[in-house]
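To keep things clear, I will list the structure first and then write my remarks on it.
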Ligand SMILES: Cc1cc2nc3c(=O)[nH]c(=O)nc-3n(C[C@H](O)[C@H](O)[C@H](O)COP(=O)(O)OP(=O)(O)OC[C@H]3O[C@@H](n4cnc5c(N)ncnc54)[C@H](O)[C@@H]3O)c2cc1C
């Protein structure tokens with residue numbers, strides 16, 4: 001039971017401080033809610049302008065709009081700078097990378113606010129000196145408990161009001177938790193000191209059960225902090241998650257037994273926030289997973305199903321990529337959102353977040369023929385599928401991959417449950433220019449954005465799509481779909497530039513003056529092979545021809561190259577290139593038509609740069625390059641061309657995302673975005689899979 005003890009002791013000022021804390025929190029949440037509403041109004045007005053064929057639907061039109069745009073630009077620039085992550089891996093070192101500037105400022109302000117709350121109007125001397133400060137610290141600590149729980153859920157009240165999803169605010173959740181630990185430490189240490197001075201410590205522990213619960217609560221809080229630090233969290237996420245839930249329950253119980261009646265509302269408020277989130281999630285889970293089906297046309301044959309059929313197959317064995325197709329999904333989603341997937345027959349109590357790699361589209365009438373992007377024409381059966389592209393790691397994803405077996409057989413069918421969609425990405429088609437940057441499986445985030453824009457460009461006039469992959473073999477899987485989407489968007493008047501950079505393959509110059517993509521492993525392109533245009537500014541490596549022979553491989557731009565071919569000796573390169581020329585010229589009559597039989601021919605041996613393919617798409621569809629593309633080359637040209645607002649979306653490893661954030665911030669500052677120079681705003685949106 002909550003204690004009656006010390007209910008009124010020194011509590012007037014403390015209650016006022018607690019009230020002030022919640023007024024500040026309320027004002028901040030209210031402001032974020034207002035921003036959310038304004039953002040929705042802006043989105044609508046842009047759609048309206050686009051529907052009215054306005055030449056620049058994303059441009060500011062009046063003075064208030066200009067003030068708003070300038071304030072937004074200043075805040076974005078201030079928030080973007082980040083220290084480059086010390087490592088890309090989930091190791092101890094990653095934990096020490098500081099937060100980006102904007103987040104650091106928020107944490108600093110929060111800490112300063114709590115420090116002021118701890119010290120304002122507090123006694124500096126007198127008999128009750130230690131007790132008074134200890135009580136203040138107790139109030140400050142317990143007052144923060146509901147807030148830390150409010151910002152913890154996937155469907156919290158905070159998320160619903162502000163449209164800031166849980167995974168984008170969890171850094172604050174962690175920092176508020178740390179601040180609570182410090183204020184609890186102050187509370188405990190000062191009581192300890194006061195009792196110690198009056199020789200009362202032992203008696204307190206013996207006669208006051210609430211004190212024992214207090215120590216218990218502190219122990220649980222310390223345990224939560226320790227088990228939440230990044231390396232422990234990464235080591236085994238499921239254990240972290242279960243432990244976190246159980247520990248929060250234990251903490252709330254200890255608090256319930258420890259705090260006086262006058263402060264118990266904080267415990268109930270915390271429980272209410274958690275219950276709100278859990279209730280909505282349970283409802284969403286049921287809604288997402290219960291669906292009906294019928295085998296005949298009579299209504300009576302409808303039956304309810306719990307869970308979905310998931311078809312799982314291997315997309316790329318070498319890259320350990322698995323594709324999961326969830327059948328009969330009724331929820332709506334937007335490009336850039338993710339779901340939580342659980343497959344109990346593989347791992348009963350686990351659910352993992354994965355980006356949805358296809359777009360939500362209105363269903364055609366059942367029985368009608370339809371052509372899905374990247375897929376063959378099929379007769380529609382009235383169901384909508386949701387696609388996931390999963391790269392194999394150590395646990396669930398690896399087991400999923402293994403389940404498919406060694407041979408490329410028919411997809412494995414399992415029962416799956418989904419929860420979502422989660423995430424609040426911007427409305428991509430309300431920007432004038434869209435720059436999409438992905439490495440490896442990050443394409444699962446950017447590809448549906450391209451797909452969504454290709455279906456309904458609205459305000460979009462230009463898309464630059466960059467995808468960096470390690471191996472040529474990665475390309476054949478999604479290149480075809482990418483090219484189709486590019487053409488679909490072009491057909492709707494969007495200027496589309498697609499670049500695929502291969503970091504472990506190379507480009508070579510064939511006699512016909514075209515660059516061709518070489519593979520590093522003897523693996524040849526599928527029907528989606530490629531030819532890139534000569535002279536591309538994106539090439540980091542190119543072969544130099546003298547009198548028809550190859551002399552050397554030279555890095556263009558003097559940039560370091562990641563290509564394995566950089567290590568190839570000139571003589572090897574010459575040999576490889578000679579093979580390239582003969583192979584490509586012998587195939588020079590190959591059709592560029594999509595779906596034409598591939599004209600690839602593997603070179604002898606298994607070394608880098610030996611396999612060459614010149615068939616596939618024309619250079620207008622997709623440009624291929626070798627080595628890592630420069631960030632400036634990816635971002636600056638479209639921003640300079642933009643006549644309206646730009647969004648730069650990046651799904652990659654930590655370091656690339658930091659680089660992109662820093663670069664966008666710097667460019668906006670240099671170009672004096674929305675500060676009288678005429679340069680238009682840029683939103684930088686990064687998404688990490690860790
Ligand atoms: C918003 C979001 C979208 C994602 N989209 C994709 C995608 O489209 N394709 C893809 O291949 N990967 C995606 N990921 C990463 C994917 O969720 C993890 O790779 C997967 O959960 C790893 O599980 P595992 O047991 O196989 O690996 P493990 O080796 O056990 O874990 C690898 C890492 O994944 C993290 N992780 C594990 N389980 C979870 C969980 N339940 N919730 C959050 N993080 C977890 C851990 O921090 C750990 O560091 C996404 C992650 C997030 C946060």
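Quick reminder: no glycine exception, Cβ is built from N, Cα and C everywhere.
In TrEMBL, annotation is done automatically, which means it is predicted and not curated.
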(Q) In TrEMBL, one of 53-78, 79-104, 105-130 is tagged transmembrane segment. Which stretch would that be? (A) 105-130
Q) List, by number or range, the same-chain residues at least 6 past the transmembrane segment (105-130) whose CB is under 8 A from its CB atoms? A) 10, 13, 17, 20-21, 24, 78-79, 99, 136-137, 140, 144, 172, 175-176, 179, 183, 186, 190-191, 193-194, 197
Q) When only pairs 6 or more apart in sequence are counted, do the transmembrane segment (239-259) and the transmembrane segment (20-38) reach 3 or more Cβ pairs under 8 Å? A) no
Q: For the transmembrane segment (175-193), could you work out the same-chain residues 6 or more beyond its ends whose Cβ comes under 8 Å from its Cβ atoms?
A: 107, 110-111, 114, 118, 130-131, 133-135, 137-138, 140-141, 144-145, 147-148, 151, 201, 214-215, 217-218, 221-222, 224-225, 228
Q) So which residues does the transmembrane segment (213-232) touch in its own chain, when a touch means Cβ under 8 Å and the partner is 6 or more beyond its ends? A) 90-92, 94-95, 174, 177-178, 180-181, 184-185, 188, 240, 243-244, 247-248, 250-251, 254-255, 257-258
